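Data block below; observations after.
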Amino acid sequence: MFEITIDYDKCQADQECIEACPAQVYDEGEDGKPVIARPEDCLGCETCVEVCPTGAITVTEV
């Protein structure tokens, strides 16, 4: 299982993580920023971390 954290102060709402996630963990929030909708589906691949230009996302194994 993995814990996903988003630093919304750093997030630019570019939706790269939403589009890149192979497990479709994220939904788009009303403000355009990602919402962690299905954390239990996270594969721990860190694709979202890699595509985030501001380093707003962290994925930690728990």
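Here the Cβ of each residue, glycine as well, is placed from N, Cα and C on the backbone.
Taken from TrEMBL as is:
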DOMAIN    2-31  domain '4Fe-4S ferredoxin-type'
DOMAIN    32-62  domain '4Fe-4S ferredoxin-type'
For the domain '4Fe-4S ferredoxin-type' (2-31), mean pLDDT (0 to 100): 98
Helix, strand and coil residues within the domain '4Fe-4S ferredoxin-type' (32-62) as assigned by DSSP: 8 helix, 8 strand, 15 coil
Composition by DSSP (helix, strand, coil) of residues within the domain '4Fe-4S ferredoxin-type' (2-31): 5 helix, 8 strand, 17 coil
